[in-house]
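So the structure is just underneath, and the comments pick up after that.
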Amino acid sequence: MDGFRIIIAEKADAGRRIAYFLSGGQVKSHRAKGTSYLEFEYNGSKTYLIPLSGHIVEADFESGYSDWNKIDLSDLIDARIVKNIKNKVAYQTLQAFRGKVEEIVIATDYDREGELIGVEALDIIKEGKEEIRRAKFSALTKNEILDSFKNLIGVNYSLADAADARESIDLIWGSVLTRFFSVTTGRLGKSFLSAGRVQTPTLAIVVDREREIQSFRPERYWTISITFDKDGQFKARYPENIKDQDTAEKIYEAIKGKNGRVSSYTSKEDHIRRPAPFSTTEFLREASRIGIMPTKAMSIAENLYMRGLISYPRTDNTVYPRSINLKSVLKKLENTAYSKYVKEIETFDRILPSRGRIETTDHPPIYPVDSPKEQLKGDYGRVYDLILRHFLSTLYRDGKKTVAEAEIYVNGYTFKAAGQHTTDRGWTEIYGYDPKDVYLPELTEGEDLKAIDWNIQREETKPPPRYDMSSLLKKMEELNLGTKSTRHDIIGKLIERGFIEGNPVKPTPLGMAFIDAVRSVNSHIADPEMTAKLEEDMDRIEKNEMSKNDVVEESKKMLHEVLSHFLTKTADVKDIITKGINAGQEIGDCPFHEGKKIMVIRDRFTYTVRCEDPSCKINFRIKRNGSITLSDQKCPVCGLPMIKIIRKGQSPEIKCIDPDCSYNRENEDYGECPADHGRLVLRQSKYGKRFLGCSNYPKCTVTYPLPQMGRITKTGEVCPYCGAPILALSRNGRKWKFCPNMQCEYNKKRKPEAAVEKSVRKKGRNASKS
């Protein structure tokens, strides 16, 4: 095997596309030591491509530091970090080629993480005599791949060092802070209390805004407006908010019933500027505006990249490099839903795309590189559509509008009116953005205007809005919290760990208490400046301005100082967080204890619904895979209030707040178990999937997966083939019966049930993994 080439790819899908393009489709697949690799000829040389699945090794502390209760946290900060094998199969495959290779080409993603993965592979496979090169590409297309292998570059070890430093720093900070808060509050095991150097200041942003809202005191003010009529109605407003009621009424009485005279009028043509090309942050912000959460949007974008449909989705760049052949890209987009605009852009004498403020050389902005051969479904189609229409908008023409302003004199007071009229929608026609026109007719100075309505309105100042996903991502970028590749994950972790919820984003009582505890000891880890300084240092590693070891050591000194503050006030931290954990969200009055409230307490995996009075029988847990509100219905059995549990894709579940009420048992009971005559009860798995399980579990392990979408009701019938209860499914205006035993002959003999079976197999296969 002497004299051959090895190519290291980051993922299997990317590896297959690279091998296909380099070989012209002539690829052999091999499997050895539990992993697959590809063989082909390239440039007259035998070539093997080894696809990895992310990191081969991972950073951890050396052995002896695993006991959370016994290890001194100061010692943990300075513990030696080792690299343990994470992917044994990939490690053994690379080892098998060690010393037998003439050339190694790293073809992982060209960013910090990708470079570190490539360097990890090099450390395993190289002996020192091999030629080591790097393929840099930004899209998994034929032209990009072939061009990158014709123009191989050197490995960027500084890029890998920056990623390695981040991995070490995040390990140290995350482990020390998480252990401190978890041990201090007694939240161990699955309920551990997570903390980190980036997620803590990000949580603080959300908490600070909530505190602003809570402490906000509205102030009254008055506004005055006049409606005029000239070829249509328009409004002019008094230019100030008037804080004094007497002054407002004085002005109103002076202008009421009076006409106006134009004292000035200006009109000008203006542009509706095209958006800048997509950076990662702006893409995620726009995706959140169409209802796709950042973590999901990034996952979909990575999938589209692997399929060769879009460029690399992790980038700060907002300027298309000259190397992109825009006309060639447009040619591939001619058969999309926007073909009309594609063909129009192709007729431009020169295509001059918009430009953003940030220009980098690692990757271009996100743009479509090909059109899908088959229609993309669901959110995949929506994300691709967003990227496509955004790209076309950056190439199209600016919109145009006429902007007008007028000052109108009314009995000693000046009122102002403004209007705009879109004369050319331009790019907004593609993007689906509809500029709002405000009517203001053409006026001349000295012209008399007829007033038809005079209005005085009392208003109140409003609190600042909560952050939504879009504005939170923007704020993180402004404060240099995280990177383009990590911000969506940080938000996702805060949601998963019960610190924040909803969109707009609201902190949970636990999130509020956590930040209060952090700030009670003056530790500064909630301040963005500390983590932003470390982000800047990691940028300096990439630029060869600092060494990896210097940055890691500096971060350790910071953490020692932070820890010393916490250790002096352990009891205070415990008290604040414990109160936050027990606070919960109030959803209504308790019917059994006057003056007490029913609370919903959110844990990492469950909701606890309980009364403030610890002796009350209202105390039960529900798996945390939906939202809980107090229903306006009363229980038909006992008359007590009911709660509504809303899970995505399922009809709301209504429960009586009395856990012993027969209403709950009757509505969860779907019939007799055919195996042991127990009751088949509706359950929710830890993954949020609904299924039927026998009430005699664990003695009886019978379970039936259920369709995850639609409303399921009892029919009272029993299956003549297997004895299970026959159920009815209502969905999309249709209703049909089915047996929950999806292999049953009943379903095979009834045509509509084929659709049910397919739905269950696809969406309910994990339902019984409780």
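Backbone N, Cα and C atoms are what each Cβ position is placed from, and that goes for glycine too.
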- Annotated region 'Interaction with DNA' segment (source Swiss-Prot; candidates 146-151, 194-199, 500-505): 194-199
- Counting Cβ atoms within 10 Å across all protein chains shown, which of the recorded sites H55, R314 comes out on top? R314
- Select the closest residue to R497 (site 'Interaction with DNA') from the following recorded positions, measuring between CA atoms: E10, R166, D170, R314. D170
- Long-range Cβ environment of R166 (site 'Interaction with DNA'), under 8 Å and at least 6 residues apart: R112, M538
- Item | Fewest-neighbour residue among recorded positions, criterion Cβ within 10 Å, set E10, D109, D170 | D170
- Query: Could you tell me the C-alpha distance between H55 (site 'Interaction with DNA') and D170 (site 'Interaction with DNA') in angstrom, no decimals?
  - Reply: 16
- How many Å lie between the Cα of D109 (Mg(2+) binding site) and the Cα of R314 (site 'Interaction with DNA')? 10
- Starting from the Cβ of R497 (site 'Interaction with DNA'), draw a 10 Å sphere and report how many other Cβ atoms land inside it. 20
- Message: Could you give me three numbers for the region 'Interaction with DNA' (194-199), the DSSP helix, strand and coil residue counts?
- Response: 1 helix, 0 strand, 5 coil
- Note on the structure: Between the C-alpha atoms of R314 (site 'Interaction with DNA') and E10 (Mg(2+) binding site), the distance in angstrom, to the nearest integer, is 15
- Item | For the domain 'Toprim' (4-140), the number of residues DSSP places in helix, strand and coil | 41 helix, 47 strand, 49 coil
